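*Asks:* Submitted below is the structure of interest, expressed as structure tokens.
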Amino acid sequence: MTDYKNTLNLPETGFPMRGDLAKREPDMLKNWYDKNLYQKVREASKGKKTFILHDGPPYANGTLHLGHAVNKILKDIIMKSKTALGFDTPYVPGWDCHGLPIELKVEGLVGKPNEKISAAEFRQACRDYAKEQVEGQKADFIRMGVLGDWDNPYLTMNFETEAEIIRTLGKVIQNGHLYKGSKPVHWCLDCASSLAEAEVEYEDKVSPSIYVRFAAVSAAEVEEKFNALGKGQGALSAVIWTTTPWTLPSNRAIAVNAELEYQLVQLGNERVILATELVQTVQNALGIEQIQILGSAKGGDLELIRFNHPFYDFSVPMILGDHVTVDGGTGLVHTAPDHGQDDFVVSKKYGLEMAGLVANDGKFISSTPFFAGKGVFEANDLVLEKLKETGALLKLERIKHSYPHCWRHKTPIIFRATPQWFIGMETQDLRIKALSEIKSVRWIPSWGEARIDKMVANRPDWCISRQRTWGVPMTMFVHNETEELHPRTLELLEDIAKRVEKAGIQAWWDLDPAELLGEEAKTYHKVPDTLDVWFDSGSTYASVVEQRPEFNGKSTDMYLEGSDQHRGWFMSSLMLSTATNNKAPYKQVLTHGFTVDEKGRKMSKSLGNVIVPSEVWNKNGADILRLWVASTDYTGEIAVSHKILNSAGDTYRRIRNTARFLLANLNGFDPKNDLVNPEEMISLDRWAVSCALEAQNEIKEAYDNYQFHTVVQRLMRFCSIEMGSFYLDIIKDRQYTTKADSLARRSCQTALWHISEALVRWIAPILSFTADEIWGYLPKLDNRAEFVFTEEFYDGLFGLDESDKLDDTYWQQLLKVRAEVNRVLEQARNDKLIGAGLEAKVTVYASEEIRPLLEQLGNELRFVLITSQVVVKPLSKADVAESELTGLAVKVERADGEKCPRCWHFATDIGSNKEHSHICGRCIENVEGNGEQRQFA
């Protein structure tokens, strides 16, 4: 028997079936950077509308975790998809390089500044350490396939950037937003420095929970206010509740709410003042069975009544404050202006001075009675003993509650009033302006707007000064006596900025004030503080975006970070940009959630659920990591596990297999010579291209709306359903068995070529390495760009002509018919009636609505159903039972005739040609004749 294998057009491609990404990706990366891919993308986009995504700088310390990978990959997907959508997308990655975490690391390496080494040497060690960390993180970001100007990133420690940060401080001063004051700030005892809101984490802590008596100076005065003269018996006290006994030495008042009702209550053998709504709660907490209400009064009537401090020899007033609620406690609030924001504000209204009892190290100063030299948390028990001694302790318990901790040391922090520099939220209407600007920004997801709006509405003034060594200095001079800024501050700041531009921040520390101030140097001194690192990163809209030539003076389109940055970078950037430019620094803000395991738990070493990004790309490849990120709805928590990554691998294989099938069947196709005009193409091929156009429109829209999981879902629908289980299955017979240069085959290859050109661009933003690999295997074109990343989405797709009878509705109906036929064929296979579908003869009983659709294809219906023979008959009650598709019934029999060894179809004409006695007439026509003619499929 003749071997007809060499008469078939078998698929062939060098594109491997296995991705082997972990091995291949590094070689591709080398090629990208050897050939300056990023610059090629920039050159190809020259003159197009700019889209600027400003990179929020990660901290230059430690190895990258999955959260970093999610963030950078999302940014990269956006930048690559925006390029494909026709934008110029310069991307300048950056790093945050100053601040405490680096100081602590360097202290561990070289010791504290001014101990083993000088402050100048310490700063240089910090700079060297940060640089080393940047290089390590940079290599990992590049390995993820993230494109950007990695040779010229921005670092907040670059001399030019440090200078611009100082200039931004100058604008803040110029616009009247900076002031110095003693206010309570978050204070870390281990850092010996104030902390920003974003540097505070809340963890559970066990604290004493105490009810404390403040005895009335004049019981008669209180009785009169409550209209209870002579009522009740025993001592009369105001009762407060607190979980911070150590703040009681600093108590200077008791706050009540003017609008709340209070009652004088007989509790056993004493009388106490409580908010009416909390009497029952306190009674239960104290375990007292019977009480008596002696009188009532509004909080406003109790103003300025005095009560004795529980263990010091002075009295404190009762004052009014809106912050007092009945959410807990007693409705009377212990007020220590040094140690609480509300306490400070309300005390200021009454002219109450701060106590100033706690030093920088968290210990009570030497003049503090009873507690001198004791640490605040150590003093808790001592205060309790003192309260017991004076009879002021009404009740003591221990409770577990949420308490602020230092993000770095994981230790409890305190509120402490210290002299600091602040950006005032009310000065020059900064809060009002910022709230207005929030409304002009597109927040993705939309709930981000309400979140940051609430934070801005309620945030205190921003303490921007820090008592650190490694940071941008607050390069100001203040008067020795008045503490006022030098009148030429703005001019001096610019002079210092120019020096910093040349020599870095050390120029300030080395500066002799006399160089700039002359004789005035005797009456002015340098401010010793550094700027909050959130000021560094928050001012990058000015120090980076406004300075880099590739941004061309354009404002930023998007900030994209984790949802914790509403109170971090988004907030600091909004505050500074509004303070200096009267506008938000961004047009859109996109946030993503945090990574958790498949059970929704945080990643932690103790749970053993930590997945390191490098593990993923070393085992699976970076494209799998990228596909996992794109497949997830990033607006909520982002689940990851080895099982989930394996699932991403399955999705990847489906896409890769589709691409491989396309490439293999483009074997021998030259677009310059073999392309078929749309109107000459076979109907099914035209439909396949129109499917690709519809998919592309949806994919472009999803990319434009940053809905990458929708992109992946649409890709899978296209690859698996529209192509894999329908079109690509049907065309195999035509591809392999018709004449190599026939219209039937070239029409199909034309469709596959258009689809390949589109598909490779669809996946490029997500599966960057795989897209680059596919690009190299596509049929050669004289004008083909070297890299897919310089290209826009494919513009060669076309829809069905309006005059085309076999429109999308028609083919969608055929899809349903084919699915039903496949179901019945599967049943016949299970019943051992047939093996492969080509062993079947199918009779389709169709309703009057469906039958004309099937008959339109004539003899080509069998190619769509992938059976050897098909008969279409009218549906009647006498026929076999209707199928799951209304208006259709299917009957399966074994096909007539013999199996053709060339096309595998069963035919009754095998042996009718003596020269080719083993193959069917159709194959003889394709081997010897002019080739079979196809019109529809």
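A Cβ is built for glycine as well, from the same backbone N, Cα and C atoms used for every other residue.
If you look up Swiss-Prot, you'll see Glu561 marked as L-isoleucyl-5'-AMP binding site. The ATP binding site annotation in Swiss-Prot covers Lys605 and is backed by sequence analysis. Among the features that Swiss-Prot reports, Zn(2+) binding site is placed at Cys900, Cys903, Cys920, Cys923. Per Swiss-Prot, motif ''HIGH' region' is recorded for 58-68. The motif ''KMSKS' region' annotation in Swiss-Prot covers 602-606.
A description of the local structural setting of each listed feature is requested, covering burial, neighbours and distances.
*Replies:* Long-range Cβ proximity for Glu561 (L-isoleucyl-5'-AMP binding site), meaning a same-chain Cβ under 8 A and a gap of 6 or more residues, is found for Gly56, Asn71, Gly568, Trp569, Phe570, Thr591, His592.
Around Lys605 (ATP binding site), no same-chain residue at least 6 positions away in sequence has a Cβ under 8 Å from its Cβ.
When secondary structure is read from DSSP and collapsed to three states, Cys903 (Zn(2+) binding site) falls in the coil class.
DSSP assignment over the motif ''HIGH' region' (58-68) gives 3 helix, 1 strand, 7 coil.
If you take every residue in the motif ''KMSKS' region' (602-606) and average the pLDDT, you get 77.
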*Asks:* Please identify which of Cys900, Cys903, Cys920, Cys923 has the densest Cβ environment, defined as other Cβ atoms within 10 Å, among these binding-site residues.
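*Replies:* When each Cβ's neighbours within 10 Å are tallied, Cys920 leads.
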*Asks:* DSSP on Cys923 (Zn(2+) binding site), three-state: which is it?
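*Replies:* Assignment for Cys923 (Zn(2+) binding site) reads helix.
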*Asks:* Taking the center of the Cβ atoms of Cys900, Cys903, Cys920, Cys923 at the recorded Zn(2+) site, which other residues in this chain have a Cβ no more than 8 Å from that point?
*Replies:* Thr737, Pro901, Arg902, Trp904, His905, Ala907, Ile910, Ile919, Gly921, Arg922, Ile924
*Asks:* Using DSSP, would you call Glu561 (L-isoleucyl-5'-AMP binding site) helix, strand or coil?
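*Replies:* Its secondary structure by DSSP: strand.
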